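For 39-61, 73-89, 95-115, 122-141, 147-167, 179-197, 209-229, the entry in TrEMBL reads transmembrane segment.
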Amino acid sequence: IFPPVTLDSVKSEGPKLVPFFKATCVYFVLWLPTSSPSWFSALIKCLPIFCLWVFLLAHGFSFLGAHSSARKILAGLIFSALGDAFLIWQEQGYFVHGLLMFAITHILYSSAFGMKPLNMRAGLVIAGVSSLSYLLLYPYLSGPFTYLVAVYIGLIGFMGWRAIAGLQLANDLWTWTKLSACLGAVLFMVSDLTIAVNKFCFPVPHSRAIIMATYYAAQMLIALSAVECQDVEVARKKRT
């Protein structure tokens, strides 16, 4: 049985996400060519992430001030927007800049998700998947990318572990927002692996659609996970 309070809370967040869905639709409808990067195309690409900033800010500065995890996710979204902008000009030499911005994002998200519960089993699974991903990419990497990609895979894998570790399905100690963080992290890993394979290994059919659909969904789910601490407060007030 799904926890009723958290389900109601998730439903209440829907209207706040409407601008995000509209901005995402604008991106896919316009589908601006990547061959001619511009500030306009950067704006259109970043617009859904800007809307997620607004989504978190709509919960109030007092909410953000009281909960460090929400602040870290907001900061992660800010670095994500910077990363998106840099990747618009990746063919002009800004790919590494984008990689750095998203590396910082994953550190912030990992910190937001926390280290409890530890869940070493999930950590070992993610370590295995991360290792296999790097082994797949390694023959195609050269120069600084040999170690930059390794570090990045380690960071996003760690972020995925911390998100998945928080989802304790076996003990019924879970909430919709924990599930949201878990799914968001997995989709983020799928998006970034697709980027890496498409850039370094071989062309992936419909790569841009796969990358952006999973990326926007991942960011929305992770942003949604930030409202968990507010859910707990609402539940406490209803009981008293």
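Cβ atoms here come from the backbone N, Cα and C positions, even for glycine.
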Cβ contacts the transmembrane segment (39-61)/the transmembrane segment (209-229), at least three under 8 Å, sequence gap 6 or more: yes
Same-chain residues near the transmembrane segment (122-141), Cβ under 8 Å, at least 6 residues beyond its ends: 149-150, 153-154, 156-158, 160-161, 164-165, 189, 193, 196-197, 200-201
Tertiary contacts of the transmembrane segment (209-229) (same chain, 6+ residues out, Cβ under 8 Å): 6, 9-10, 13, 17, 20, 24, 27-28, 48-49, 52, 55-56, 59, 66-67, 69-70, 73-74, 76-77, 80, 109, 112, 163, 175, 177-178, 180-181, 183-188, 190-191, 194-195, 198
Distant-in-sequence neighbours of the transmembrane segment (147-167), which means Cβ under 8 A and at least six residues beyond its ends: 96, 99, 102-103, 106-107, 109-110, 113-115, 117-119, 122-123, 126-127, 129-130, 133-134, 137, 141, 174, 178-179, 181-182, 184-186, 188-189, 192, 196, 200, 222, 225
